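As recorded in TrEMBL:
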ACT_SITE  Cys261  active site, nucleophile
BINDING   Asp30, Lys35, Thr86, Thr121, Glu153, Lys264, Arg330  NAD(+) binding site
BINDING   Phe150, Leu151, Arg152, Glu153, Lys205, Phe250, Leu251, Phe252, Ala253, Gly254, Gly258, Lys323  substrate binding site
DOMAIN    316-422  domain 'UDP-glucose/GDP-mannose dehydrogenase C-terminal'
Amino acid sequence: MNIAVVGTGYVGLVSGTCFADSGNDITCVDIDENKVKQLRDGEIPIYEPGLKTIFDRSIREGRLRFTTDLEEAVKDAEIIFLCLPTPPGADGQADLSAVLKVAGQLGKMITDYKVIVNKSTVPVGTADRVREAVAENTDAEFDVVSNPEFLREGAAVEDFMKPERVVIGTSSERAAELMTTLYEPFVRSGNPIIVMDERSSELTKYAANAMLATKITFMNEIANICEKVGANVDNIRRGIGTDSRIGKRFLFAGIGYGGSCFPKDVQAIHYTAGQNGYDFKILDSVMKVNEKQKVSIVKKMEDYYGTSDFSGKTFGIWGLSFKPETDDIREAPALYIAEELVERGAKLIAYDPEAIETFKKATTKEVLDNTTFVLNQQDALVDVDALVICTEWNEFRRPTIDRFQDHMKKAVIFDGRNLYDLNRAKKSNITYISVGRPSINV
Ligand SMILES: NC(=O)c1ccc[n+]([C@@H]2O[C@H](COP(=O)([O-])OP(=O)(O)OC[C@H]3O[C@@H](n4cnc5c(N)ncnc54)[C@H](O)[C@@H]3O)[C@@H](O)[C@H]2O)c1
Ligand SMILES: O=c1ccn([C@@H]2O[C@H](COP(=O)(O)OP(=O)(O)O[C@H]3O[C@H](CO)[C@@H](O)[C@H](O)[C@H]3O)[C@@H](O)[C@H]2O)c(=O)[nH]1
């Protein structure tokens, strides 16, 4: 099929590349000229495991192109995917300006039947608004479909290639058939393509993210109780996760959820509820608890040192991205933790395998002025008063214990991701303070 993908960020680039890999002809469009140039030069602007191989292959075989010219991209396309940003605007409301702007432009360009697909995460009713914006400028036939994307960063290619489900929101049989044909190669294992009305499809995406953010937050609250009563959240996770009604995944307590999706989508569905006269109380609590959880490790550091004045102290930071296997730092707990530590007078030595450059662009001048960025994990230990672990990159899981004692001023670890076994920590002389588990050698 001939497909246009508008917006070549995480979702657009992964979708376009994966659709190309199953034999489709893809033209990706973006307004960012530098990004398009970089992509044309064969460079991928994001870090996403597995993407480069299929990107290179699809380009080599002529199925994947990049342009800044929307009209050229959509001219021959049967399906046009909108993978545009929907950041939080005022009051947490999703900002639809990019989506509606492009919809208006499409109306001026299309002359034959097109399926226009909202793959961005958009509030209920957006399909209707896109339909109106397109129809204002054209008499050509078209359908608007909601097709939310459920990929996770860091596992985006795998998630896209083998989705647990594909949700298609449309009341048009013609559009449903085209979309089903497109997605069939991705669900050969028998996972379902679920066709429903547009509004339910739009809400399904928010419900999924809000449910997952709530699950994580629930475990973070259990962890906070564990710390008060001397229980271990790892044991509780195993104890409840084996109940198939609860499930094993997304039960890991830590320093809160971050990323470009959960924080904004929880806000957006909460806002939609409010606009419709419904007070979504659980999500109100989820947001408040998560705000506190993100910097809970700083409170633990204050308790340990008996002061909130960290002048004269240097802390190593392992992990800046909001989760492993990505260079994305949007709403990363490390951003907030670094700010809080520097505000208390600390100096930082920070290491991340992929996210140093993105972190530098997003953080404050104060943090930049007080942080040394290093290119390997050992260097972030040299002469530091303590190590703070913010992201569970694999390489942090089994470091040589001696390095902590040999390099650090004092072997103290504040672990926001519960990477280490408590018994092993006990046998070493390391002071180890984690989340929802007893503190060791304090
Ligand atoms: N990142 C994820 O893991 C993920 C997963 C599922 C859904 N989503 C949703 O998908 C949407 C896109 O997210 P993303 O992370 O890919 O965003 P992103 O910021 O990485 O990419 C968006 C791209 O759109 C481009 N763009 C902006 N305005 C444009 C215009 N008028 N014409 C053409 N291009 C334009 C930007 O230059 C950018 O390259 C959001 O609604 C998001 O909530 C994201
Ligand atoms: O047990 C867990 C699992 C995750 N997290 C945190 O939750 C956040 C989000 O993690 P994850 O869901 O793996 O990453 P995203 O790439 O943000 O993916 C989410 O957001 C995407 C955008 O909407 C959706 O498409 C995905 O289905 C959804 O998982 C991160 O800060 C994680 O550290 C935890 O704290 N504990």
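Placed from the backbone N, Cα and C atoms, the Cβ positions cover glycine too.
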When DSSP is mapped onto helix/strand/coil, what comes out for Arg330 (NAD(+) binding site)?
coil
Quick one, of the binding-site residues Leu251, Gly258, which Cβ has the fewest other Cβ within 10 Å?
Leu251
For Lys35 (NAD(+) binding site), what is the secondary structure by DSSP, using just helix, strand and coil?
helix
Neighbour tally for Glu153 (NAD(+) binding site), based on other Cβ positions within 10 Å of its Cβ:
24
In the domain 'UDP-glucose/GDP-mannose dehydrogenase C-terminal' (316-422), how many residues does DSSP call helix, how many strand, and how many coil?
38 helix, 19 strand, 50 coil
Please identify which of Lys35, Arg152, Lys205, Lys264 has the densest Cβ environment, defined as other Cβ atoms within 10 Å, among these binding-site residues.
Lys205
Express the distance between the Cα positions of Lys205 (substrate binding site) and Thr121 (NAD(+) binding site) as a whole number of Å.
7
If the NAD(+) binders are Asp30, Lys35, Thr86, Thr121, Glu153, Lys264, Arg330 per the record, what's the largest distance between their Cα atoms, in Å?
24
Minimum Cβ neighbour count within 10 Å among the binding-site residues Asp30, Phe150: which residue?
Phe150
With the substrate site defined by the record as Phe150, Leu151, Arg152, Glu153, Lys205, Phe250, Leu251, Phe252, Ala253, Gly254, Gly258, Lys323, how many Å span the farthest pair of C-alpha atoms?
24
Measuring Cα to Cα, how many angstrom lie between Gly258 (substrate binding site) and Thr86 (NAD(+) binding site)?
16
Measuring Cβ to any atom of ligand 2 with a strict under-6 Å cutoff, which of the binding-site residues Asp30, Thr86, Phe150, Gly258, Arg330 qualify?
Phe150, Gly258
Among the recorded positions Phe150, Arg152, Leu251, Ala253, Cys261, report those whose Cα falls within 10 Å of that of Arg330 (NAD(+) binding site); none is a fine answer.
Cys261
Cα-nearest neighbour of Leu251 (substrate binding site) within the listed recorded positions, Asp30, Thr86, Thr121, Cys261, Lys264:
Cys261
